[in-house]
There are 2 protein chains.
Amino acid sequence: MERAGRSSTLGSSDEVELEPSGNSATIHLDMTAGGGSSSSDFNPFGAIDDVRFKTDDDLPDVMVPPFFSKYGDFHTIDWQRDLARDRLRHKMISKKKVDFPLGLLQSGWDAGAGWICVLFVGLAAGATAGIIDIGARWMSDLKTGVCADRFWLDREHCCWSSNDTFYKDDSCSAWTKWPWMINYYNSSSLLFSFIEWIFYIVWAVAMSTLAVLFVKIFAPYACGSGIPEIKCILSGFVIRGYLGKWTFIIKSVGLILSSASGLSLGKEGPMVHLACCIGNIFSYLFPKYGLNEAKKREILSASAAAGVSVAFGAPIGGVLFSLEEASYYFPLKTMWRSFFCALVAGIILRFVNPFGSNQTSLFHVDYMMKWTFIELVPFALLGLFGGILGSLFIFANIRWSRFRKNSKMLGGNPIYEVMVITLITAAISYFNPFTRKSALSMIQQLFDRCEDQVEEDSLCDQNKALSIAFGQLLWALIFKFIITIFTFGIKVPCGLFVPSIGMGAIAGRILGITVDQIFRAVQATPGHSEYFTCQIGKDCVMPGLYAMVGAAAVLGGVTRMTVSLVVIMFELTGSLEFIVPTMVATMFSKWIGDGISKMGIYEAHIELNGYPFLDSKGEYPYSTVASQVMRPSIHRQVADEMSMSDLRELKNELSVITESGMTLGDLESLLRQTDFNGFPVVVSQNSMHLVGFITRRDILLALHTARKTQPYVVTNSIAYFSDGVPDSVPGGPAPLRLRKILDMAPMTVTDQTPMETVIDMFRKLGLRHVLVTKNGKVLGIITKKDILQFMRNKDSQ
Amino acid sequence: MERAGRSSTLGSSDEVELEPSGNSATIHLDMTAGGGSSSSDFNPFGAIDDVRFKTDDDLPDVMVPPFFSKYGDFHTIDWQRDLARDRLRHKMISKKKVDFPLGLLQSGWDAGAGWICVLFVGLAAGATAGIIDIGARWMSDLKTGVCADRFWLDREHCCWSSNDTFYKDDSCSAWTKWPWMINYYNSSSLLFSFIEWIFYIVWAVAMSTLAVLFVKIFAPYACGSGIPEIKCILSGFVIRGYLGKWTFIIKSVGLILSSASGLSLGKEGPMVHLACCIGNIFSYLFPKYGLNEAKKREILSASAAAGVSVAFGAPIGGVLFSLEEASYYFPLKTMWRSFFCALVAGIILRFVNPFGSNQTSLFHVDYMMKWTFIELVPFALLGLFGGILGSLFIFANIRWSRFRKNSKMLGGNPIYEVMVITLITAAISYFNPFTRKSALSMIQQLFDRCEDQVEEDSLCDQNKALSIAFGQLLWALIFKFIITIFTFGIKVPCGLFVPSIGMGAIAGRILGITVDQIFRAVQATPGHSEYFTCQIGKDCVMPGLYAMVGAAAVLGGVTRMTVSLVVIMFELTGSLEFIVPTMVATMFSKWIGDGISKMGIYEAHIELNGYPFLDSKGEYPYSTVASQVMRPSIHRQVADEMSMSDLRELKNELSVITESGMTLGDLESLLRQTDFNGFPVVVSQNSMHLVGFITRRDILLALHTARKTQPYVVTNSIAYFSDGVPDSVPGGPAPLRLRKILDMAPMTVTDQTPMETVIDMFRKLGLRHVLVTKNGKVLGIITKKDILQFMRNKDSQ
């Protein structure tokens, strides 16, 4: 994994990393003079491994070389600590403000850095999206043929530029179909179709194979949708290289290839991932963000908004998506900047103009008609259907993903899996006009009103063609549903928005046609036409609207998005008129879906992958208190009734460090014997009164430095975490001062605090661990891992 | 204040109120069996007065009758405690679920209550807004005349229904102007105008006087915009009667009167207040919300969204407004429900159709043209102007409000003040066509494109009329600015949105006309016309767009809204095209405004009124730690270097209760001697190790109950807050068990915790106080009041 190595170099530039530590020491002195030292003056190198991933490699020997990287891979960041570091940095710069002009300039640059950074991100995200859209369309058309004289044009532009009148069935004479290449022109014969079919399949398999090869060789993180991981990263998880430049490049190329291959996948989810890669890469231009994981997430949050903005041409929807789904610690603070970023990205995409029109939105819909109140019933039915289909999809996809994960055959051979899936998809979808065309143009066709059709559209024909189309739609729905279950999760870049919208649009159109036919039949019955104040087929029962509502319903059922989904659909149509149908469908879909299973597809994948994600929504009505969840756990008795002797017993289970009295050797053996990632520091083993907290990494680093730089420090030296350090102990070795690495402001709760409050603290304050106390004595510790474990146990009960 | 009394009866229904307390005792036993008691089992009556308002009336005697009302007036609610109470209630209902069918029904009702409640709120808010709009328009037209045969029609409908062709200058023969009443028909004469002017003034003064009388007599809380108070209420402040039914009725009537009187005020801000009243009133139908102040705020948050939705016809803008400005504790949880509420309200308003068209938005704008990039410069200039004007307005208005507050003459005579302001407004505004018409139609005219004008519009004339109109606009701007400073804050219902939009629209139109003229002049110069790819006056430089951008800029400068403002403007126009100009103007306006003064008009009024509002946005880079802010304060030394003797000294300043050993008499004298609203409970005076926290109100109630119901409890009885209570003390009086009223889960921080973290905890967890500890010993307490005091001191430095 060469790429991962490169990315992490970016993140751990030694010289820059060391600076804040030096600064904090200076500041420490200032602040002590000002009255009390702040908790922000401890060493910034430490990290607690509070998830399942253990850093076993630094266990065997205490004398490990210092880590310059702030957080290890798969670790969770400490929001409070990182933000404290940023405040320190900010104070430094504010002080320099008086130095004219350099200090002032630096201060101004610092204040504007966030805006400049998101401006760049927006520009880059818009441009990237435009290029990918153009590339994907060109390659997608390659499956059927090539532009004769200008091979770089896609079919539409080829036919436009060729200026000939023969333009039917989406084709023209300038567009050379593959069978023509081998001099076979009789397009109505079976052999023609067979040759075309073979070419179709070969191209599709070739593209997807190329995509999976790129991903496997260069950037394993480039596969999938990326949204589950983005959610975790924004919640404070560190996955090195996930947002690196190699992931970006390979995912962009792979996305063009995979979406051109005709697989049942979308570009929209990966676009969010790509935008976040861009955000991450640009943040390194601004040390304020690049070197501070917590601050960097402000940029990433804006980037996610830009990603949705370019994916759907919906800037407001993007901001709300970022707010509802992605952001974690600062939902409101960065909203304005996210909006700016999303808007810039949307404008740039419009300049690139990949959709070939002046429309900013992915599907331009322009209904001028009204829906009637009675139609809310079929809309609600669509919502119901969406909820059920979505839950079914999640269930099946997760089962298959788990099987893939555990199966040696599938897990080890992603290339064969992709090839097989592509082969099946291409082979079957060729025969259905709805699955054969790209998902986007299928959705556009389903959304459209009948009047707008220039060419003949079987969906708008009132004769036999409609019933054939109806059957084709039904078949397309079933096929799409089954193949998408197996497609989402293969090792190519693949999103789920467009397949979901596609399924929903088909289902909606099917219902729309049915309702339309029923209304027509009723109206045709003598004496019933007066029931209708609207003209059927003209200004009531519009199957295109049903398709749109169905799309929202299924997308809602799969992702469980709410406001952002409705707003995205609103921005697609630009009319307040259709918010109500969309909203009704989304509400029913969400209710039914949540009734079947609480988790959306992203949450389900997060759980499948075991990421430490603590959902920022949802309520947990548990009747549990902190002492029942903490470690060491109290089995014998409830904490409530503990006597002093019980406390003493418990103490032996909790590894603590005393404020003074422990020797360097004691500390080293404690580190060797345990694998905890941090230790409470107490006044004495007897009293257990809490003084502070120290992380394993900090103490390792400190002891290492002490052994190296202070030769008079020996194994018998007594380590002091307190203030009253004797200058020298008569007859003993020199004391070791460790006060500065001690976190004097650990978060604490009492043993009787309800778990809901503790969970609230973890979510809202971005904690990694909390100490449990009773009457001022430390009883235990609760980490984020414990919380997640507890919630999972409770949920499964 | 009869009204206040009535409202508070609603809030303190004795029987219902007592129930949860009984339940909690039951639950307590269950939970002890399950392992440890929860903090949620303490008595729900207590409240800490953590703001400047003191409840001195319960100080002199300990034996006060119990309070059944949950929180006192002007108190802050305890979010954690209220939410714990709700979880208890939820558990009770979940348990009953198995009882078919009643339990199941109740459970279903409970789950759907929130949705049903906001549905009602939406329906009522939409209807109210429609009625107010119709009423205000009718009464506003009354200033000039009356409909001859159908007096209940406003001018527009009167002229429509009369069907006569004489319809010019917004008038018709069916519409009887007042001078006609006294048989004076020569409308071009000076006398006619004079008579009309007199009538205009008399009506205006009559209406506003009626409004202020209603407000003064029936509902003092009905005056003003209400948004600052709504912000405080949503942040957890209790103002009894502020959202009561009397306030609602009087504010509705007063709003019609005051906006009809032609004063420079808007209906939009008060609409948010009215919607919140509706939310409050409906919440009493659902005990889940009505009896729990924290839960009630979920409904109020949705109501605020509905208020903005009906005010501007902008449901998404409403949700974002609620999110950005109003909501506090649960920004995301209630978003989906808020959206539903806002949408329902918007639909209902549309059915009522007060704007007389099918437009849902307040100002329907339908530009089909583009702006050019060079125009971003004047748009940015408008932003600059908006920021400066807004800040100037805030400064002047606050100065005047402070003067009004402190001046006996003005404060005591709100009626005269209103009369004088109305007199001046009416007398002057009659002579300017822009100020004479209602603010809404003026804004509509300024927003409009010139092509759309059916009648002659002086603004679109390229001849002399334009320069006259230009002068009138300038005059209108100055007049509006000055009069609004004095108007906002008078004792009638008055909002600031429309006056701000009005000022901005005028300023924008002025700039638009200027730019238009410059462009025309340049184009007219020989050899320069090729610079323009667009046709001036047709598809470039549209003064109406400038007016819109100016409106956003000034509104942004006054309120400092960001995303919600842009989205509201977007919903007004329905086109993505104009988001960019609006956004540029809003950004500049916000930057300039924040550069001049950080506070928007609402924050400034909150500070002026001394409400305990802790802003949920903003960063506070202080280098202070908890021990420097807590009370009792440590003057002598930094907490860092405190020895045990210092701690002992400090202890004497902090009033604590010991876990056991204090007699009932000791407690009573402690309560008499101090006016603290809560006391930490410690193991012993010597150790000061924290056990829990108890509020003054809880302890008062408990002692009162004990004296009344347990005759064996005497002054010498020892009060036990611990578990190990002897059944009887040999030779002594019976012990008093007070464990159940003890909060075993107080929030604590260590003395070295940075204040930023403490503030973050207060904001995000909705705390009222936090205990400061060091090595497990209680040092002091920090209340919300201390935090606000600290922040104000820091800000003024």
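Yeah, the Cβs are placed from backbone N, Cα and C, and that goes for glycine too.
The feature compositional bias 'Polar residues' is assigned by TrEMBL to B:1-12. Among the features that TrEMBL reports, domain 'CBS' is placed at B:650-709, B:742-797. Summarising the annotation, TrEMBL assigns region 'Disordered' to B:1-30. The feature transmembrane segment is assigned by TrEMBL to B:112-132, B:197-222, B:243-265, B:271-287, B:299-323, B:335-352, B:373-395, B:415-434, B:473-490, B:540-559, B:565-588.
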Q: Give the residue counts of the domain 'CBS' (B:650-709) per reduced DSSP state, in the order helix, strand, coil.
A: 28 helix, 15 strand, 17 coil
Q. Hey, which of B:299-323, B:473-490, B:565-588 has the most Cβ-Cβ pairs under 8 Å against the transmembrane segment (B:271-287)?
A. B:299-323
Q | Contact check, the transmembrane segment (B:565-588) vs the transmembrane segment (B:373-395), 3+ Cβ pairs under 8 Å, seq sep 6+ | A | yes
Q) Same-chain Cβ contacts of the transmembrane segment (B:243-265) under 8 Å, 6 or more residues past its ends? A) 3-4, 6-7, 10, 128, 131-132, 135-136, 138-140, 142-143, 200, 203-205, 207-208, 210-212, 214-215, 218-219, 221-223, 226, 233, 271, 273-274, 276-281, 300, 421-422, 425-426, 429, 438-439, 480, 483-484, 487-488, 490, 492-496, 498-499, 502
Q) Which bits of the chain, at least 6 residues beyond where the transmembrane segment (B:540-559) starts or stops, bring a Cβ under 8 A of a Cβ in it? A) 325, 365, 367, 369-372, 375, 378-379, 382-383, 385-391, 393-394, 443, 446-450, 459, 496-497, 500-509, 511-513, 515-516, 519, 532, 534, 565-566, 569, 572-573, 578, 581-582, 584-586, 588-590, 592-593, 600-602
Q) So what's the average pLDDT for the domain 'CBS' (B:742-797)? A) 86
(Q) Under 8 Å for C-beta pairs, could you tell me which stretch among B:112-132, B:299-323, B:415-434, B:473-490 has the largest tally with the transmembrane segment (B:197-222)? (A) B:415-434
Q) So which of B:112-132, B:415-434, B:473-490 has the most C-beta pairs under 8 Å when paired with the transmembrane segment (B:299-323)? A) B:112-132
(Q) DSSP-wise, what's the residue breakdown of the domain 'CBS' (B:742-797) into helix, strand and coil? (A) 24 helix, 18 strand, 14 coil
